[in-house]
Structures are given as C-alpha cells and as structure tokens.
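Below is one structure; the comments refer to it alone.
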Amino acid sequence: MEVADMAIDSKSMAEGGKEEEEKKNRENEKGKKKKKLGGIKTMPFILANEICDRFAAVGFHSNLITYLTQQLNLPLVQASNTLTNFGGTANFTPLIGALIADSFAGRYWTIIVGSIIYELGMISVTVSAMLPSLRPPPCPSQVNCKEASNSQLWVLYMSLLLVSIGTGGLRPCIVTFAADQIDMKKTSVASRSWNFFNWYYFSMGMATLTALTVVVYVQDNVGWGWGLGIPTIGMAFSILAFVFGSSLYNKLKPGGSPLVRLAQVIVAAVRKRRVVAPEDSGRLYENKELDADISVNGRLLHTDQLKFLDKAAIVTDGEAAGSAPPNLWKLATVHRVEELKSIIRVLPIWAATILLVTSSSHLHSFVIQQARSMDRHLSHSFQIPPASMSIFSIFTMLSGLVLYERLFVPFARRFTGNPSGITCLQRMGVGFFIHVIATIISALVEAKRKSVAARYNLLDSPKAIIPISVFWLVPQYCLHGISEVFMSVGHLEFLYDQSPESMRSTAAALFWIAIAIGNYLGTLLVSLVHKYTGQKSNWLPDRNLNRGRLDYYYWLVTGIQVINLVYYVICAWFYTYKPLEEAMDEDTEPADGDEVPHKRLNGAKGSREVELARSETA
C-alpha cells in the first residue's frame, strides 16, 4: 500500500513538474514574442504617420494668413490674432490628450482617435473653401472689402476647433510612442552613433519642406479647394500608415493618472508636515512592486532638493506595523516623490520657452506680408509664393541637423567627454542666443524695405511691389533654422529625458503648452501694440504695412528675448539633473549575490561615483 502511495506521489510530482515546465516554456515564448515588438522596424509606420500629419498640418497652417486676408478679407491684425489663438488652442489641447494617454487610454488609441478628429476638421475647412456661399465676395484691390460674415466665420472656427482637438491626441503621443519602440536608456543612447530626436526632426523637416513647396504653390496658383484638399488627403494616408503597423508596436500600459500621483504626494507631505524626517534617506519608504508599472526603465533615486516633499515617504509607527498596501494619500514611495521633484525642477527651464514663443509668435505672419510686397521673381514667369520663403529655414534646419550630428557632436565630445557633445541645456541656450540675432536682423531688413518704398514713393500703395529682392529675408530665415536645430530639438529631448518615464506624454505636452501660452501672450502683445501706438503712425496697421513701424515691433521683441535669455541662463546654471537607477536588460544575468537586477548610474547619497556621474552629466 505504501509503495503504491509512493508511486502515486512520484507520478503526481512528475506531472506537477511537467506542468510547471510547460508553464515556464509558455511564459518564455510569451516573453520572446513581447521582445519582438517595437524596434526599428516600427519606425516606417510611425514616421510615415507623422510625416503625412506634418505635411497636412504645414500645408494647412503655413499659408492660412493669406486665406484669411485674401479670401475671407479679414484685417491683418484680426487675421494674425485668429491664427495665433488657433495655434494657442491647438497647443493647449495636447495637455488633455497627454493626460488621457498616460492615465487610461494609452498612446496608441489616443493617436488613432486624435487623427480621426483632425481629419474631420480638415474636411470641414476644405469644404468651406470650395463652396462660394461660405466665403465673402472676392476683393482683388483689398480696398473697402466686405469681410466674412459671422456665419462664415463660425464655420471656419468650428473647423479650426476640430483640428485643435485632434492635434491634442497627436502631438504629445507621436514622438513619445516612437521613442517607446526603441531602447532610450542612457547606456543605450550613449552607445548609439545617432540621436533619435535629431532624426525625428529631420523627417518632420522633409515633410514641412514638401508642404511649403508643393501645397503653398497650389494654394497660390491653382486654388484653395485643391490647396486644402491635398493636406486633407495626406492626413487620411497618415491614419492608414499608422494602422497598418499596429501588430508590430510595443504598446506600454498606462500607469494611471499622473496628476493623481502628484496630488497624492502633496497631500501626504502636508499631512506629515510636523513629522521629523530621518537623517538617513534610506529609511524612507520604497516599494518596487508598487512602482513596477511606472518605473519600467529604472527607479528615480532620492535627492536632497525640495526636502519638504520627503515627508510624504516617512514611514510612521502605525504604517510600519500594517501589512496591507499603503494608503497612497498618506504614504508615497521615494520614486513617486522624486517624480514630483523632477517636474518642479523642469518647470523654470520650460517657462523660459514661453517668452521666446511670445516674442516670435506673430513673426511668421508679418514676414509673409513683407514678402508679398517685395520682388519675388526667380525668372520672368515664375515667382516664389510668400509662404514658401520658409523653405530657407527648413533647408537650413535639415542641413544643420546632419552637420550637428556628424560634425559638431564628435568635435564637442573631444572637449566635454559628453556622448551628446553638449548637454540639452547648453544646446537650448545656443538656440536662444541665435534667435535674438535673427530678430535683430529682421528689424534691420524691415527698415531697409521701408526706405526703398519711400525712395520710390510707394508708402501709400499697399498692393505695389517694392523694387527690393525678397532674398533680403533669407538671412533671418536661415538663422531661425539654425536656432531650431539647437532650441527646439534640445527642448524636446530635455523634457523627454528629465521627466518621469510614466509622464512622458505629459512632458511632451508641456512642449506644446509653452507654445500655446506664448501664442496667447503674443496675441496680447500685438493687440496692445496695435492699440497704443496711435492711428497715424501705428506700428502694426490693418491694411498698409508700408505706413507701419514693424521694425519698431521687432526691436521691442528683441528686448524681450534678451531679458528672457538672461533668465534662462540663471535657471540652467542652478538646474540639477535627475538621478536614475536604470533597470538591466532581461537577458542580463545578475552576478552571484545580487538581489536586484538594477544598475546604479547615479548612486546613493555620499557616493563619490555619484558626484562624478552628476558632474559629467551636467
């Protein structure tokens, strides 16, 4: 009997071991399948979506000032403010889209829904451009024109609103979703010979260049029906391209509402404001299982800044005795506390970009009007469309990105030892400075344009072509392109790198929120300048730019940018980069005795290696 029981037990154990082995094999196969997701192979689909989207957006936005002033007969300041308010709204909605993506929807579905809403908006505005009943009568002379009616403007505004809502789902998620597909840990980035954000911007630049040459030409020479219809078709292709790659994407699980987590840390810190924090930061609360979904690539380490927030991670006697999961409104992990600290540290740097946008938000609209009054002929029969002048900025940016990565980074690396050549903050600072120089040149060129108009008695002829080449505008366009290489790419990379990984869509939204706030402040600035600079010698007149003082406005903008540059340098000087303990790859075997498969980049407090790592990063 005992022998039979032993035989049964042996058989059961063998079957149990076999089941465990089969389960382990299934998990391994599942893990291998998961590992195959993402990677470079997904880039054609994601970038095709973003390229078509950027082609549509630029083709739609770049020449819209001409549509508003020439087709809807709006005054210059009203048209410029309409565009700036639209831009502000389109750059504010990404915050909502980012919170939806990070909280529950995920980036993939947020992109899909946002793209569809965007397409509906573009279809609406294209239909309004094709139907004569939705536009005022043509006014070639631009004198005593009948402006668009309220009903016609409401059609335009509803179309722009749909486009703005759709933009909210695209802008914060596309670049972060693309970055999710490749290994963005610092060790992997340092070992690569290419920078993801440089090549992302390069792809966008190529799409922008195509839109500025093809679409703008069609708008000015064929008609606005086709001129807006082509971007609408391009947006439809972007949706199809993205959906085709769905089975290849690495779709990260949302980590829950980031705003709720930040609020929990603040509430817990306030509740424990009278509790004395331990001198040893190692005694603060940590829970790797609890933070697993929001620290896939590594945990944030404790820092000595904003120590008041550390109180949220103090473990009281009652909390230490309990075995149940903690109430996160009373006790937060160090990682969650450091998430809040990271966001707070980023905000002063982020705020510096707001005034930059404020000062430059209307420059594009005004430069198009300048170009329209200048000699744009390349031959007797062909002249450059005013909005296509931006191709010089795009050409400069595209060539600048390649030269930056292939020449500047290796050269700077010899002196700094930084794999990226210079830090994101240094890169942004160079962009700020170049932008100031570009605005100074804008003021000088406008003074030159007006002096030529006065010489030929054309100051009172708003439709006349002034005998000065439009290529006088090229230097400022080129400088803006160089500034883009340093400022915009550095800013986006900074926000992605320094934000908590579970809030990267939200961080990308901050990039666009800065533009939104800057656009609204830009509208306020232009409105105040227009209101208080008088009627006879208004700096920004409604119809006749030749009688304006646009060069004075450029000098005002230059002063704002200089003050902002000083502020930025101070903030960058005192900024501290976030310390991160990066997670090892799954296929890396830990050494004997290692309990946690983590690799410490910026170690614990007091470590000499940490200080060296921090100094090298900064």
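Each Cβ is built from the backbone N, Cα and C atoms, and glycine gets one as well.
The annotation compositional bias 'Basic and acidic residues' is assigned in TrEMBL to 16-30, 606-618. The region 'Disordered' annotation in TrEMBL covers 1-35, 586-618. If you look up TrEMBL, you'll see 108-134, 154-178, 199-218, 224-244, 387-404, 425-445, 465-487, 508-532, 552-575 marked as transmembrane segment.
Segment contact is absent for the transmembrane segment (224-244) and the transmembrane segment (508-532), given fewer than three CB pairs below 8 angstroms at sequence separation of 6 or more. Among 108-134, 154-178, 425-445, 465-487, 508-532, 425-445 has the largest number of CB pairs under 8 A with the transmembrane segment (552-575). Within the chain, the transmembrane segment (108-134) has long-range Cβ neighbours (under 8 A, six or more residues past its boundaries) at 49, 53, 56, 60, 67, 71, 97, 100-101, 152, 155-156, 158-170, 173-174, 177, 224-225, 227-229, 231-232, 235-236, 238-239, 242-243, 246, 249, 251, 505. Per-stretch counts of Cβ pairs under 8 Å to the transmembrane segment (465-487) identify 387-404 as the leading one among 154-178, 387-404, 508-532.
In terms of C-beta pairs under 8 Å, the stretch of 154-178, 387-404, 508-532 lying closest in packing to the transmembrane segment (199-218) is 387-404.
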